[in-house]
Every structure is written in C-alpha cells, then in structure tokens.
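J.: Copying in the features that TrEMBL gives for the protein in this structure:
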- 88-539: domain 'Major facilitator superfamily (MFS) profile' (DOMAIN)
- 17-41: transmembrane segment (TRANSMEM)
- 170-185: transmembrane segment (TRANSMEM)
- 191-216: transmembrane segment (TRANSMEM)
- 228-251: transmembrane segment (TRANSMEM)
- 257-275: transmembrane segment (TRANSMEM)
- 340-357: transmembrane segment (TRANSMEM)
- 369-391: transmembrane segment (TRANSMEM)
- 398-417: transmembrane segment (TRANSMEM)
- 423-446: transmembrane segment (TRANSMEM)
- 458-479: transmembrane segment (TRANSMEM)
- 514-534: transmembrane segment (TRANSMEM)
Amino acid sequence: MGNYDEDTAFLGQKGPFFIILFFLLNGVYISTGLHSFYIVFVGASPSHHCRIADGNLSEEWMKASIPNEIVNGKLQPSQCWRYSLETVRKLSAQGYSPLEVNLTDITLETCVDGWSYSTEIYHSTIVSEWDLVCDSEWRVPFASSTLYMGYLLGSLVSGQLSDRFGRRKVFFMSLAAEALVILAQSFSNSWLLFCVLYFFVGTFQISVYITAFVLGNEVLSESLRVSFTSLGASLHYCFGYMLLPWMAFAVRDWRSLLRVLSGLTVVFIPLWWLIPESPRWLLSQGRVLESEAIVREAAKKNKVSAPEVIFIQSEVQQAASQNSKYSLLDVLWTRDIRKTTFLCLLLWIAINIGYFGLSLNTTNLSGDPFLNCFLSAVTEMPAYIVSLLLLKSCPRRPVLSAFLIIGGGFLLLLQLIPESQHTLALVLEMAGKFGLTISFTVVYIYTAELYPTVLRNLGMGLCSSAARIGSITAPYIIFLGKPALSCVSNHLHHSGLEKTPCVLSIRKGTFNKYLPYILMGSLTIASSIANMFLPETFRKVLPETLEQMQKCKR
C-alpha cells in the first residue's frame, strides 16, 4: 500500500482542511466529558435520616428519636437507625422529655417508615427517589460500575464494527444512540432499568471516544495528530467535565439534567456532513477512488495541487486482500504482537485503576460538591498541556515510565505523612493524579502508534476493554480505605445530672486508609517497568501493515 504519510505529504501540515477537522473532532469530546461523570450528581446521596411518621410527637422528641453517629470525625444524626418509635411514643405520652431519659436504654430499629431527604443541595436524585441508602447503598456504586461495564463491551465491539463498516458510520451511529439512551434513562421508573440503560450509555460513549480518536489519528496531519491525541481531545473532554458541575448546579433535578445532556449531544449530529471517512481505512478496504476523492478535496481546501496518481492501485489491492483476513485474534496471534498487546494491557489496567481511583476519591472531600467537581477537572488541565509539550519533543517510552514512577511514588509517600498534615497529603495526592493524568494521555497516543493501521482500531479497542477492568475495580479499591466508625459517649449536662447517650457505631472492622494508595502506587510503578520493554515510536513512520510494526525488546 506504500506509505500514506509520504503519499499525502503534498497536503502540508496545517492547511484549512486539517484545522477545521481538528476543531470539529475536538468539539465532540465536550459531550464525552459531560457524560462521563454525571452519576456524581445524579447518584448523589443528600443528607437524610429516618422518617418519623408520628404527628403527635413534639419537635424535641422527633429530633431525639434519631441517634448520633460519627462520620469522618464529625457528629451527625444517624442516617440508617432510629430509636424504637413505639418506646418513644410511650415516654412522650408519660410526660418525659428527651433530657430526662437515658436514650441508650432504648432499642434501635431501622427506618421502617422510609427516609426524609434534604433538598438544600439536590432537589431530586436516584438515591432520594428510590431510597438507595443504608442496606441499599451498594446499588449506587454498582450503578456507577455499569457505565464501565458498558465501556468494556463498547471497546471491543466498536473496534470490530468500525474496522468493518468504517470509522465515520460507527462514530455517528454511536453518537445518536448515546443521545437517545440518555433521554430514555431520564424516564427510568426503577433502579434496575436505570442501570441497564446506563450500561448502554457506556457502550455508546466509549465507542464515540475511540472511533473519534482513531479517525483523527488517521486523517489529521502528523503535527496536528500529536496535538489532537495529546491535548486537543483531552482538553475538550476536560472542558465538558468542567461544564458539568455548573449545569448540575443550575438543574438540580436528575431527570431534567439528563434531558439537557441528551439535547446537547444532538447538536453534534449535523457534523456528519462535515467530517469525512478515514482515507487510510478506505485504502485498507481497497476503495482507492473514494480515498483519493477525500484527499483531493483536502488538497482543494488546503489550496495545493494533488498529483495525477496519489495511490498505486495494484499495491493497495494487494494490501487490502491481506487486510481482510485480520480479526481480533490477530492482535494475539503472533509472538511479537502478543508481547506488545500484553504489555499494553498491563499499562492500561494500571493507569485506569490509578486515574479513576483518584478521581472517584475526590468525592469524599468536604465542601461544596459542585465546586469540588469543578476543581477536580481543572487540576487535569496542566497535565494535558505538559503532556503535549513532552510528546512533541521527547520519546514516548521514557516519558511514560517517568510519570508512572512519579504518580505511583507520590501515592506511596502518602502513608508517611502525619495525620495532622491534611494539606500536604492533599498536595501529594494531586501530584499523584498529575502524573497519572499525563500517563493516561501518553498511553493513548503511544498505543495508537504501536499498532499498524490494519489492527489499530482492534488493538485500541482491546486495550480500552482491559482499561475498563481497571475502572470497574477502582471504586472497590477506594472502598478498602473507608475508615471504621466507633461508638463514643457525648456527655450532656442537665439539672446537675450527667447523661451519656451513645454515639452509634455504624460499621465494625479495621480498615487501612492508606491501602488504596499502596495498591495503586505499587501497580503503577510495576507497570512503568513493564513499559520499558515496548519499542520506541517517537519520530517513526506510523505503521500501515504487520510487517512495518516494531518488535518488543527481549
């Protein structure tokens, strides 16, 4: 098939065709940023406590009917328990006040009458609508994981579909399907239906992300390709991520928020008439005339002259007859490709566990949830900018290994920080996320450069599928660091008498708060060592066939 970059060198590097396509593809990534973390607000748990369904109790007794518990070192009313309502009614009827009774002698019971939710921050969420608290609290993180399960399916299927039917068709079909599924999700009447639809949101969302990434990587010029994959897509994704909390702040009802997000996605559908198919993919299918037509249109927009013959028909047809034989098994078939694939899978799993683990952990920070989400997105911007500067002038392999070690090293240092040094611990955690965000960006372009055109989408899809294993696992790794709660006495004095109502212990067991950081840090550093066995792709020609693909080091 020859070399596509050499055959199309007459187009230049930064003509109008490339620049317009660069911004159109980047614009689509705003929608992926909007959709990736809306579960943070849709699945938020408002302040709540057991509902006291008795209008005859005084306000004093209604407040006293809820025991106290310590959460993150703070005293607050229990969210899952209340004192026996029957006993409280008897004491109230006998004329006692809560301060005259030893409340610890009263039996505890669950919230049999449901819960009362605060509407101060959220008007409505799936938690408040379907009572996903206490014994049902596990359903919220499970709902979050269904998105990543959808990522797993979409990563595998989208690669095969776009290799067969084309990048452009799969890209826009996935975009339209994602908008429809999010709209349908806003009409969910149960948690189960919400999770099923969220699974398909993940399937179509990752398909949009991957096919747009591959499309840009194959159509854009070499200089803009690096900017697109390392900075353009990431920054626009981050811009959508930063826009999400402000939209959630303005629209506090979860159903309305989903409908707004669905409507914004539809705006990108008309780009069908502006974004072309990948000429590289058309060549791999033997469709020379269609590929040349796109290249000649690009030359016209760039105001350059195209040669009479751009691609040699016989070479293209010979390559196409070989390309038609490739499938997902070929990514694992030969020894050299299997080595590359295995090392890439390890990198993607480790990086995703660290990145998503730290991203999900920011929701545990105190303060305004909308501002916390915004700041979490803002901290990624410097990492994307640094990654672009490094990718333009530095080899991929040492850059990736260095920032994997930096990210993992800072996470391992957290266990050495004294409990009182909260600011220092936060700085180290953000430094770890900085390193992992750069690694997340670099590994995308590095993997795309390792695989040839005939297997690139399949390889990217397989690696992205492995990454979903990491993202699905991340919430449970963070859960390992949840602090155990203890029962203490809160001394009250009234009329010279000392009362000691118990502060409820809501969970037993010993948990190491640093265990998630140890696991993520160790796995990240281990992956940096494995990365050193991959071949270097910096300033190398993008491989078109299996024969042009570089081999791993021994």
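Backbone N, Cα and C atoms are what each Cβ position is placed from, and that goes for glycine too.
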J.: Which stretch, 191-216, 369-391, 423-446, 458-479, 514-534, tops the Cβ pairs under 8 Å count with the transmembrane segment (340-357)?
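T.: By the under-8 Å Cβ criterion, the transmembrane segment (340-357) pairs most with 458-479.
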J.: Which stretch from 170-185, 257-275, 369-391, 423-446, 458-479 shares the most C-beta pairs under 8 Å with the transmembrane segment (191-216)?
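T.: Out of the listed stretches, 170-185 contacts the transmembrane segment (191-216) most.
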J.: Which residues of the chain, 6 or more past the ends of the transmembrane segment (17-41), have a CB below 8 A from one of its CBs?
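T.: Answer is 11, 122, 125, 143-144, 147, 175, 178, 182, 198, 201, 205, 208-209, 212, 215-216, 219-221, 224, 227-228, 232-245, 247-248, 254, 257-258, 261, 264-265, 268, 271, 274-276, 297-298, 301-302, 359, 363, 369, 373, 377.
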J.: Looking only at residues six or more beyond either end of the transmembrane segment (170-185), which have a C-beta under 8 A from one in the stretch?
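T.: Hits for the transmembrane segment (170-185): 28, 31, 35, 154, 158, 161-162, 194, 197-198, 200-201, 204-205, 207-208, 211-212, 215, 258-259, 261-263, 265-266, 268-269, 271-272, 275.
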J.: Where among 228-251, 398-417, 423-446, 458-479 do we find the most Cβ pairs under 8 Å to the transmembrane segment (369-391)?
T.: 228-251
